[in-house]
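A.B. asks: Below are the structure tokens for one structure; questions will follow.
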Amino acid sequence: MTTKRFSIGYALLLKKQKSFIQASLVNLAKERGIDLIKIDTEKPLVNQGPFDCVLHKLYGEEWRKQLREYLVCNPSAIVIDFPDAIERLHNRISMLDVVSEIQEVKRDECHESHETATFGVPKQIVIYEPEKLKNAEAWGEGLILKFPVIAKPLVADGSAKSHKMLLIFSSEGFESLKSPTVVQEFVNHGGVIFKVYVVGKYVKCVKRKSLPDITEEKLGGLRGCLSFSQVSNMTLDERNDERYYEMLDLEDAAMPPMSLIINIASGLRKAMKLHLFNFDVIRDTKVGNRYLVIDINYFPGYAKMPGYESVMTDFFWDVLNKKEARSFNCKNESMKLVDNNNGGCGGPEKV
Ligand SMILES: O=P(O)(O)O[C@@H]1[C@@H](OP(=O)(O)O)[C@H](OP(=O)(O)O)[C@H](O)[C@H](OP(=O)(O)O)[C@H]1OP(=O)(O)O
Ligand SMILES: Nc1ncnc2c1ncn2[C@@H]1O[C@H](COP(=O)(O)OP(=O)(O)O)[C@@H](O)[C@H]1O
Ligand SMILES: [Mg+2]
Ligand SMILES: [Mg+2]
């Protein structure tokens, strides 16, 4: 008896292909009857496949259009995940709004189960026109945040620029701001962040190094700002400023309560209608049992997750065998099939 084989087409940037599409993953998936096939982004998607499922981390209107057309021509295909759902993660305000949305529900649930740990997001504001802030006094008047603060580009589109942050110690630091920025209160968190990887219903929490705490005393001696980027991915050599990237022992840091992490993960997954994401959490050391979500990333670096091959293969299998189907049911609606006037469902490209 031959068992049915499935095909998953993947559309990823080269960097992502290199890290994610490793032989160990391809082989394990193959053993389970799933072929991972590279989509040629130079050619129309409708002329490729057919794929049972499309996995992607590409953006832009042209790509959305291609996915829409693909679903019109292949109505039984599954797209992981829908661009409209991913979109909210490209803005650091809408990204964290979802945490506040799930907070109410989860607070009630936690109350019932007598959990004491709470979660939320740091205090933050958005500045659309930083040039208007050049006058330091103007900043002082409207200040609702306490120094130090972190300035993060409002747009989180995966570009190197969108990861460039400023740690601001005093109002002079605002002079460096140029594009629309989210200004967030820096929360002392013991120099450790928790990265929570979500793959459908699977949740894995790992520890990573972060920025060290800034005491009132330390802050007193600091003016202006310090720029940094992707601190949790930094190598030792890159942590060359000893004032900030001092040595930390990750081993010593206690993990957050897993029940809380699972609660947040499932709340986010359902509210965002996304299957593949991770989020960064810090523990407010001043409060102790308060956790703050600071970042949510679509389709993050899963290859850094121990045993990622089997986690991903199990997820693909569930999706293809429709165990995850309920969450994909409304795909036509969320893809907003505006292009009903579809004349071009050709087969594979003819040469
Ligand atoms: O490349 P990696 O493995 O460091 O993964 C990046 C993620 O690192 P993480 O898994 O959270 O440690 C990274 O997470 P952070 O934003 O650094 O927390 C992003 O998800 C990044 O994608 P993008 O640049 O935002 O599109 C991810 O980059 P891409 O792999 O998507 O390019
Ligand atoms: N509010 C905050 N308080 C303390 N540290 C923070 C805060 N926000 C971000 N960080 C630190 O800055 C790093 C980068 O910020 P993040 O929002 O995760 O941006 P990115 O999308 O580039 O990962 C975090 O991993 C953490 O080390
Ligand atoms: Mg992050
Ligand atoms: Mg991020």
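Note that Cβ sites are derived from N, Cα and C of the backbone, with glycine treated the same way.
A TrEMBL annotation is a machine prediction, not a hand-curated record.
Here the structure is a predicted model, which means the values were calculated and not measured.
Annotation source TrEMBL lists 1D-myo-inositol 1,3,4-trisphosphate binding site at LYS16, HIS163, LYS195, ASN297, GLY301. Annotation source TrEMBL lists 1D-myo-inositol 1,3,4,6-tetrakisphosphate binding site at LYS57. Summarising the annotation, TrEMBL assigns ATP binding site to ARG92, LYS152, 184-195, SER210. Annotated Mg(2+) 1 binding site per TrEMBL: ASP280, ASP295, in sequence order. Among the features that TrEMBL reports, Mg(2+) 2 binding site is placed at ASP295, ASN297. According to TrEMBL, the domain 'Inositol-tetrakisphosphate 1-kinase N-terminal' annotation covers 8-86. Marked as domain 'Inositol 1,3,4-trisphosphate 5/6-kinase ATP-grasp' by TrEMBL: 114-318.
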A.B. asks: I'd like to know which of the binding-site residues LYS57, ARG92, HIS163 has the most other Cβ atoms within 10 Å of its Cβ.
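C.D. replies: The residue with the most neighbouring Cβ atoms within 10 Å is ARG92.
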A.B. asks: Across the domain 'Inositol-tetrakisphosphate 1-kinase N-terminal' (8-86), what are the DSSP residue counts per state (helix, strand, coil)?
C.D. replies: 36 helix, 16 strand, 27 coil
A.B. asks: Should any of the binding-site residues GLN184, PHE186, ASN188, PHE194, SER210, ASP280 have a Cα within 10 Å of the Cα of ASN297 (1D-myo-inositol 1,3,4-trisphosphate binding site), which are they?
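C.D. replies: Near ASN297 (1D-myo-inositol 1,3,4-trisphosphate binding site) by Cα: ASP280.
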A.B. asks: Near ligand 3, which of the binding-site residues show up if the criterion is a Cβ under 6 Å from one of its atoms? Options: LYS16, ARG92, GLY190, SER210, ASP280.
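C.D. replies: Listed by sequence, the hits are ASP280.
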A.B. asks: Using C-alpha positions only, work out which of the binding-site residues LYS57, ASP280, GLY301 is nearest to PHE194 (ATP binding site).
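C.D. replies: Looking at Cα distances from PHE194 (ATP binding site), the smallest one goes to ASP280.
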A.B. asks: Can you tell me the three-state DSSP label for ASN297 (1D-myo-inositol 1,3,4-trisphosphate binding site)?
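C.D. replies: Going by the DSSP assignment, ASN297 (1D-myo-inositol 1,3,4-trisphosphate binding site) falls within a strand, counted as strand.
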A.B. asks: Rounded to whole angstrom, what's the largest C-alpha distance between any two of LYS16, HIS163, LYS195, ASN297, GLY301, listed as binding 1D-myo-inositol 1,3,4-trisphosphate?
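C.D. replies: Pairwise Cα check on LYS16, HIS163, LYS195, ASN297, GLY301 gives a maximum of 19 Å.
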A.B. asks: Can you list which of these binding-site residues (PHE186, GLY190, SER210, ASP280, ASP295, ASN297) have a Cβ closer than 6 Å to ligand 4?
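C.D. replies: Those binding-site residues that pass the cut-off, since their Cβ is under 6 Å from ligand 4, are ASP295, ASN297.
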A.B. asks: Which residues, sitting 6 or more apart from ASP295 (Mg(2+) 1 binding site) on the same chain, put a CB under 8 Å from its CB?
C.D. replies: ARG92, MET95, ALA156, PHE279, ASP280
